[in-house]
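Record features (TrEMBL):
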type	residues	note
DOMAIN	8-407	domain 'Enolpyruvate transferase'
BINDING	K22, N23	phosphoenolpyruvate binding site
BINDING	R93, R122, P123, V124, D125, L126, D306, V328	UDP-N-acetyl-alpha-D-glucosamine binding site
MOD_RES	C117	2-(S-cysteinyl)pyruvic acid O-phosphothioketal
ACT_SITE	C117	active site, proton donor
Amino acid sequence: MTKIQISGGIPLEGEVQISGAKNAVLPILTAGLLADGPVEIGNVPHLHDVTTTMELLGQMGVDLAIDDRMRIQLDSRPTNRFVAPYALVKQMRASILVLGPMVARFGQAEVSLPGGCAIGSRPVDLHIKGLQAMGAQVSVENGYIRARADRLRGARIVMDLVTVTGTENLLMAATLARGTTVIENAAQEPEVEDLAHCLVAMGAKIDGIGTSRLVIEGAERLDGCRYDVLPDRIETGTFLVAAAMTGGRVVARRTRADVLDAVLVKLEEAGAHISTGNDSIELDMRGRRPRAVDVSTAPYPAFPTDMQAQFTALNCVAEGVGMVTETVFENRFMHVQELQRLGADIRVDGRTAIIRGVERLTGAPIMATDLRASASLVLAGLVAQGETVVDRIYHIDRGYENIEEKLSGLGARIRRLPG
Ligand SMILES: CC(=O)N[C@H]1[C@@H](OP(=O)(O)OP(=O)(O)OC[C@H]2O[C@@H](n3ccc(=O)[nH]c3=O)[C@H](O)[C@@H]2O)O[C@H](CO)[C@@H](O)[C@@H]1O
Ligand SMILES: C=C(OP(=O)(O)O)C(=O)O
C-alpha cells in the first residue's frame with residue numbers, strides 16, 4: 001500500500017494553488033443527471049473521488065469526456081441504467097448523490113446503502129424521508145435503496161438535523177418536481193450554495209440560496225450549462241494549518257477567504273498573522289510556536305468538522321491546552337491514537353479531546369484511517385523530529401490533489417513511497 005514519508009522540522013514558505021472543492025464537484029457532477037443537454041464543468045480537482053464519480057456515471061450510460069485542463073464534459077441523455085452498485089458506493093459515500101437526480105429525471109433509482117464509515121454511522125434516513133414526502137415510493141431491500149416515482153411533487157420538508165448531502169439530494173430532486181418545494185433547516189455550506197448556483201445555470205428556480213430555507217419551483221426540464229467549481233476551503237485550511245504548525249509563511253492562491261471565517265479566526269487566535277486578497281490568503285507565523293485553541297465543530301458557518309483533525313494536530317505542538325469538541329460525527333477521533341504514537345499528549349473524554357501541547361513530536365510509522373485523519377497525520381509529520389511514514393495514504397487521495405507535490409513546493413521534505 002502506498003505510503004508517504006516525511007522528514008519533519010522545516011518551516012513552510014511560499015505559495016500554493018488551491019484546487020476545486022471535492023464537496024462541490026461531486027454533487028455538481030451528479031447534477032449533470034438532471035440536464036437535458038451537455039454540461040461542462042471547470043476547476044475540477046484531480047481526486048480519486050472524482051474518478052469514482054465518473055466511473056459511477058459512466059456505468060449508468062452517461063457520456064463523459066475530460067480534457068487536459070481537467071474540464072469535464074458530461075451528457076446524461078443516453079443514461080440507461082439507474083443503479084449505483086455497492087462496489088462503488090463503498091469506496092465513496094457521496095455516491096448517494098445520484099439518488100435524488102435519478103428519481104427526479106428518470107423516475108427510478110437503485111442505490112446501495114452507504115453504511116457506516118470510520119467517522120460514524122452516517123445514516124441516510126433524511127434523504128429517504130424527503131423523497132417520500134415528495135411522493136416517491138422508497139423501499140430498502142438487500143442493502144439497496146429502491147425508489148420510484150412517476151413525477152415527484154413539491155413538498156414542505158423540515159429537516160430534523162442539518163445534513164449537507166441530504167439537502168443536496170432533495171434540492172436536486174426538487175428542481176424537476178411538479179410545484180414548489182420548501183426545504184427548512186437546509187445546510188448552508190458553501191458547497192450546497194455552489195451546487196444551487198450550478199442548478200440555476202441549468203435553468204432551475206431557487207430562492208434562499210445560502211440560507212437555511214430553500215424554495216424551489218420545479219421545472220419541466222433543465223438545460224445543459226457551463227460551470228466552474230468553487231475553491232476547496234478545507235484544502236486551503238489544511239495548508240494554512242501546515243504553515244501555522246511549522247512556524248512558516250504561506251500564501252494560498254485561487255481560493256476564497258469569505259468561506260473560511262471560522263477557521264481564520266481560530267488561526268489568528270493561535271497567533272498567526274493573516275492577510276486576505278481578492279483570491280488569496282496569506283498566513284505568517286513569523287517563526288513562532290502556535291498557541292493552543294479551543295474549537296467546537298458544527299454546521300456552516302461554524303467551525304467545520306472537516307478541519308477538526310488538523311486543529312487537533314496543531315494543538316499537539318502548541319503552547320498550552322486546547323479542547324477540541326466534535327459535535328457532528330460520533331467517532332471522529334481515530335487520528336488521536338496515531339498522534340499519540342508521535343508523542344502527543346491527548347485525552348479523549350466523550351466528544352472532546354483535551355490536548356496538552358508538547359515541545360516536540362518524534363517521527364514514527366503511523367496509519368491513516370480516513371481522509372482528514374490522514375491530513376492531520378501528514379501535518380504532524382511535518383513538525384515531528386526525524387522520519388514519519390504514514391501508511392494507507394489512499395484515504396488522502398480521495399480529497400487532496402497532489403498533496404506531497406504541493407507541500408514539497410513549500411519546502412517540505414516529503415515523498416510518496418511505492419506500495
Ligand atoms: C461529500 C460531502 O459533502 N461530504 C461532507 C458532508 O457529508 P454528509 O453529507 O454525509 O454529512 P451530513 O451533513 O449528512 O452529516 C451530518 C450529521 O447528520 C447525520 N445524518 C445525516 C443524514 C441523514 O439522513 N441522517 C443523519 O442522521 C450524520 O450521521 C451526521 O452525524 O458533510 C459533512 C459535514 O459537514 C462533511 O464532513 C463531509 O465532508
Ligand atoms: C468526511 C469527508 O468526506 P466524505 O463525506 O466524502 O466521506 C471529508 O471530506 O472530510
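The backbone N, Cα and C atoms fix where each Cβ goes, and this holds for glycine too.
Ligand 2 lies under 6 Å from the Cβ of the following binding-site residues, listed in sequence order from R122, P123, V124, L126, D306: D306. In space, D306 is the closest of the binding-site residues V124, D125, L126, D306 to N23 (phosphoenolpyruvate binding site), judged by Cα positions.
Sequence-distant contacts of K22 (phosphoenolpyruvate binding site), defined as residues of its own chain at least six apart whose C-beta falls under 8 angstroms from its C-beta, comprise P45, L47, D49, V50, D232, I234, E235, R398, G399.
The secondary structure of R93 (UDP-N-acetyl-alpha-D-glucosamine binding site), as reduced to three states from DSSP, is helical. Comparing C-alpha positions, the residue listed as '2-(S-cysteinyl)pyruvic acid O-phosphothioketal' sits nearest to P123 among the binding-site residues P123, V124, D306. For the UDP-N-acetyl-alpha-D-glucosamine site listed in the record, the two most distant Cα atoms among R93, R122, P123, V124, D125, L126, D306, V328 lie 22 Å apart. According to its DSSP assignment, V328 (UDP-N-acetyl-alpha-D-glucosamine binding site) is coil.
The average pLDDT for the domain 'Enolpyruvate transferase' (8-407) in the predicted structure is 97.
For D306 (UDP-N-acetyl-alpha-D-glucosamine binding site), applying a Cβ distance below 8 Å and a minimum sequence separation of six or more within one chain yields N23, I234, R372.
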